[in-house]
Amino acid sequence: MEKSESTKIDVVETNKERKGKAPLLGKAPVVAAAVVHAKGGGAKRGIAIFDLILRIAAFASALGAAVAMATTEETLPFFTQFFQFEASYDDLPTFTFFVVAMAIVVAYLVLSVPFSIVCIVRPHAVVPRLLLIIFDTVIIALTTGAAGSSAAIVYLAHNGNQDANWLAICQQFGDFCQRVSGAVVAAFVTVVILIFLVVLSASALRRHH
């Protein structure tokens, strides 16, 4: 039997051919990174758009709460020679604080809209989102304080306090109590929306890392 011999031929690549292939191998990670970056930007832009919508909703509820409380006044149809029975929001310092606090919240939400728009245009920007988180948290504290203190007064107006001999005035001033109750509810709605805004901004910052 004859033995067959095989010949091994080594083909040596030139430097020029190696240089021509090297960029092709290096482009894959770059393209993949660009795709991931684009997907992350799209998600953040969606979060920023939702943030803007929630800010508009919070503005509407805060404005409604401020206007409802500031225009609350009721005068009973009967009066005596010396007294006229009237109830107004500025009779109670707590309700006055409520109006001032909600006016500050409304002004802040208007001023925060440009920052929210910047986050839509530049979804990877960190500083605007960080500022929104900080100031949103401060505004949450202010709104919660105003709504909580006013809710206590509204409760007393509806139920009174027998131990302190505080009478429930809502039986006489029904319209007054309805308006202040609606204002307090709108303020708590604003608090809930602001909490969602902080969660959204924190989620967007987490995606950045």
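Any Cβ shown, glycine's included, is placed from N, Cα and C.
Among the features that Swiss-Prot reports, topological domain 'Cytoplasmic' is placed at 1-46 (among others), with the record citing sequence analysis.
Among the features that Swiss-Prot reports, transmembrane segment is placed at 47-67 (among others).
Summarising the annotation, Swiss-Prot assigns topological domain 'Extracellular' to 68-96 (among others).
The transmembrane segment annotation in Swiss-Prot covers 97-117 (among others), and the record cites sequence analysis as its basis.
Summarising the annotation, Swiss-Prot assigns topological domain 'Cytoplasmic' to 118-129 (among others) and lists sequence analysis as the type of evidence.
According to Swiss-Prot, the feature transmembrane segment maps to 130-150 (among others).
Distant neighbours of the topological domain 'Extracellular' (151-179): 68-69, 71-74, 76, 85, 87, 92, 94-95, 188; these residues of the same chain sit at least 6 beyond its ends, with a Cβ under 8 Å from one of its Cβ atoms. As annotated by Swiss-Prot, topological domain 'Extracellular' applies to 151-179 (among others), with the evidence given as sequence analysis.
Per Swiss-Prot, the feature transmembrane segment maps to 180-200 (among others); the stated evidence is sequence analysis.
Annotation source Swiss-Prot lists topological domain 'Cytoplasmic' at 201-209 (among others), citing sequence analysis.
Counting Cβ pairs closer than 8 Å to the transmembrane segment (180-200), the top stretch among 47-67, 97-117, 130-150 is 47-67. Mean pLDDT for the topological domain 'Extracellular' (151-179) in the predicted structure: 84. Through the fold, the transmembrane segment (97-117) approaches residues 48, 51-52, 55-56, 58-59, 62-63, 65-66, 69-70, 89, 128, 131-132, 135-136, 139, 142-143, 145-147, 149-150, 183-184, 187, 190 of its own chain, all at least 6 residues removed from its boundaries and within a Cβ separation under 8 Å. In terms of DSSP helix, strand and coil, the topological domain 'Extracellular' (151-179) has 15 helix, 2 strand, 12 coil.
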